[in-house]
């Protein structure tokens, strides 16, 4: 492992740890509901049969921490970015002891319907970390599961680096650029370090992309095909919509079968085996039951003839507009129960950089057409564009039928596209590289440093902005006291500053050696 990668891993880990420390309990998306499901698995060993599935411990903590929902599903933070909890003048919250002094029976005393009903893999893994610290307080157990999510996030970052190595075979710098952008994308860090299935979903989907690229660039093999089958099964046991990956996987498989027709008979059996396996599993696993009934989750059996109605065109146009005006900004950052976004200038800078990258992609496509030659990187670009388009269109179609079934849009958040983050950032990196090679060739190395530097700065700006919405930042002592409240004992007092300053220190060290590496490589 290179020293640059080691520094990146340390900097990314400490950065993720900083997010975990500064984001209060129940402030990740539906965190209390996901934790309630994990608690049911850990304490009861099963999903409760009746409607009550969240414990007294979770319910009381929601009330104290301001995340108890009203009749409309909102809490004190929803649509109120200015709202802050009441804090004491010491390291313990005003009502923290009420939670700490609850008896163990409060963990199994079910009082409300709040727990999620997600597929079992993430709750099962979370329950393992929960049980390791089951003697600890609620806060200890929540932070134990958050730590598991951080480990999954770090693994995803490593996979993104391996994807970069697979794609950018002629450039040793670009894999670091890709991994760095993934590691410090603030909303991705936020969505990957709380108690929620997203980090596992993102990891498994990144593995799907990596294995698909292996097929695309190296050819079909039984090991890769078997790995894909395992990844699909594990992904479907994490999120039902993971089967979106199947039409994405189809691209490299079909390409290789057309390119090497003699392999059709060899790999036809594994493909048929995968199909039969999924059909059989649909009779035994609830997560696959919609395959047996030829229906989609939440929408039933879609009437495909409705796609030819004017209503679909209207929904398509509305979705595109909403994606640009809301989903895309939320992709880059929305916090505090969808109530807080970073200052608008951040999005203005991002939009212009994305536009520059897409200009580079358009130039690249024109060059491919002009030269009438498709190289390996061009093929990868086609796959990335195809995968992004398919992923978006499937969500669009599903949301359309959801709207017809329920009378309102499901509401697609930016983080729902994070399983494709490595794909998205690969497209952006190729776009930046193409444009810089064409216009600023002698300054390309500095542009790469600048892009990574901007992402690190954006991460720090976002974290500081979000933190200031929860805590008083005018005084270090007051800040430390407020951050310490409703936390495990190990995260109380001045100790909380060490990971924060450590993250900044290693970010500087990483950027310095990364810049040095790029400059020396291009001499």
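In case you wondered, yes, glycine gets a Cβ from its N, Cα and C as well.
The transmembrane segment annotation in TrEMBL falls on one of the ranges 7-26, 27-46, namely 7-26. In TrEMBL, the transmembrane segment annotation falls on 173-191 of the listed ranges 116-134, 173-191, 287-305. Check TrEMBL against the ranges 242-263, 264-285 and you find transmembrane segment recorded for 264-285. A Cβ distance under 8 Å defines the sequence-distant neighbours of the transmembrane segment (379-404), meaning residues of its chain 6+ beyond its ends; these are 167, 209, 212-213, 216-217, 241, 244, 247-248, 251-252, 255, 296, 298-299, 302, 306-307, 311-312, 315-316, 319, 323, 361, 364, 410, 412, 416-417, 419-420, 423-424, 426-427, 430. Long-range neighbours of the transmembrane segment (416-435) within the same chain, counting only residues 6 or more positions beyond its ends whose Cβ lies under 8 Å from a Cβ of the stretch, are 159-160, 163-164, 167, 171, 174, 177-178, 181-182, 185, 188, 191-192, 198, 201-202, 205-206, 209, 327, 331, 354, 356-361, 363-364, 377, 380-381, 384-385, 387-388, 391-392, 395, 444, 447-448, 451. Within the same chain, residues 32, 61-62, 65, 67, 85, 138-139, 142-143, 146-147, 150, 153-154, 157-158, 176, 179-180, 183-184, 189-190, 192-194, 459, 463, 466-467, 470-471, 483, 486-487, 491, 496, 499-500, 502-503, 506-507, 509-510, 513-514 sit at least 6 positions outside the transmembrane segment (7-26) and bring their C-beta atoms closer than 8 Å to a C-beta of that stretch. Within the chain carrying the transmembrane segment (203-234), a Cβ under 8 angstroms from the stretch's Cβ atoms is held by residues 121, 152-153, 155-156, 159-160, 162-163, 166-167, 242-243, 245-246, 248-249, 251-253, 255-257, 260, 263, 266-267, 270-271, 273-274, 277-278, 281, 376, 379-380, 383, 387, 419-423, all 6 or more beyond its ends.
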